[in-house]
Amino acid sequence: MAITLRQSDADFEQRFAAFLTTKREVSEDVDAGVRQIIARVRAEGDAALIDYTQRFDRADLKSLGIAVSKQDIAAAYETADPKAIEALEFARDRIRSHHERQRPKDDRYTDATGVELGWRWTAIEAVGLYVPGGTASYPSSVLMNAVPARVAGVERVVMVVPAPGGIINPLVLVAADISGVTEIYRVGGAHAIAALAYGTETIKPVAKIVGPGNAYVAAAKRQVFGTVGIDMIAGPSEVLVVADGSNNADWIAADLLAQAEHDVSAQSILITDDPAFGKAVEQAVERQLQTLPRGETAAASWRDFGAVIEVATIEAALPLVDRIAAEHVELAIDDAEGFLSRMRNAGAVFLGRHTPEAIGDYVGGSNHVLPTARSARFSSGLSVLDFVKRTSILKLGPEQLRVLAPAAIALAKAEGLDAHGRSVAIRLNM
């Protein structure tokens, strides 16, 4: 049973603060082991990948090959469900259409002194996409990472995916193909991250790595950061639903369980101004748990990390929503637009009673790679902007240099950097 927090209780602030700091992941001390893996991949290249893949995934890359071939991809189309392929293509088109609107524009202008300033955007040359294997192997996540990269203009999009027993989910391969992935390798874990960062005989290095993974993958991304860029360190999924008593309790329960079924560490939270409705949702959750194939996982998530928060008014929920800063926020209330206008922190917001978060996971068009663990307070979801970089531009002529030079020389002198001042003065015979 999820916990219940009542804003009217005297100890609410203390309990709510404790709730915000609840740790949902068991931290494994894997840094030392990951450091060894990275060092070995840097030293031994493909040989290390082959050995680690045999050890961890029971797959023989000597016979299978490290790279996934065109024939492998063609075979994936033959074995994948045609309806699922059609749905992936539908989702791909919507994701592409939305992300094309995110392309930033270059700018050049001349200020009052005649100085030209501006910036230009260029795509990152090569990006690596990590895709988890096994039960966490989601074709939709391939689309969400690869499509924005291609829209941004990234020429080389490299996917690494573990192949337990030599098998890769065929829909993952189809998703990679239809979204423009240019290379696919059947390696996973920290050794795959090392290969993307430093390269091997088969895998050329990339400039940035995106995509979720387990504790080893997360540690590897942290350790290679600086050599390459990374997107984020993603934690367990989470949803916060703000709902009044006008909602269908079964709908809201289904939304809460849609997150809870992801992982035992996922978190589902309901904030309501109607205690009776909150109880009805809890009862609906218990009923629906009995019918879910992943009911055991969802039940553990709801029991350990779920919450129902009772507030006096929907307006009183606003500061709590901003403090929680959830990955997903559903606003199933009458004035969802007005509430949104006063909100600050959320990875993504789903407005109204007919916008379940699951639509955003698949076919809404917006990206489902979002900040978790309250990091929406300072970061954003994945977008085209994650795959481009901005270069500033400055242009002066002799007249503009004469105008700006005195202040530049004075600042260089104040900072004790004489060569800086000289590089300006020498052009003006000063």
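Just so you know, glycine gets a Cβ as well, placed from its N, Cα and C.
Together with Ser237, Gln259, His262, His328, Glu415, His420, Swiss-Prot lists one candidate of Asp111, Asp177, Asp361 for binding substrate, that being Asp361. Within 10 Å of Glu327 (active site, proton acceptor), counting C-alpha to C-alpha distances, fall none of the binding-site residues His262, Asp361, His420. According to DSSP, Glu415 (substrate binding site) is assigned to coil rather than to any helix or strand.
The Cβ of Ser237 (substrate binding site) has 25 other Cβ atoms within 10 Å, all protein chains considered. Sparsest Cβ environment among the recorded positions Glu327, Asp361, Glu415 (other Cβ atoms counted within 10 Å): Glu415.
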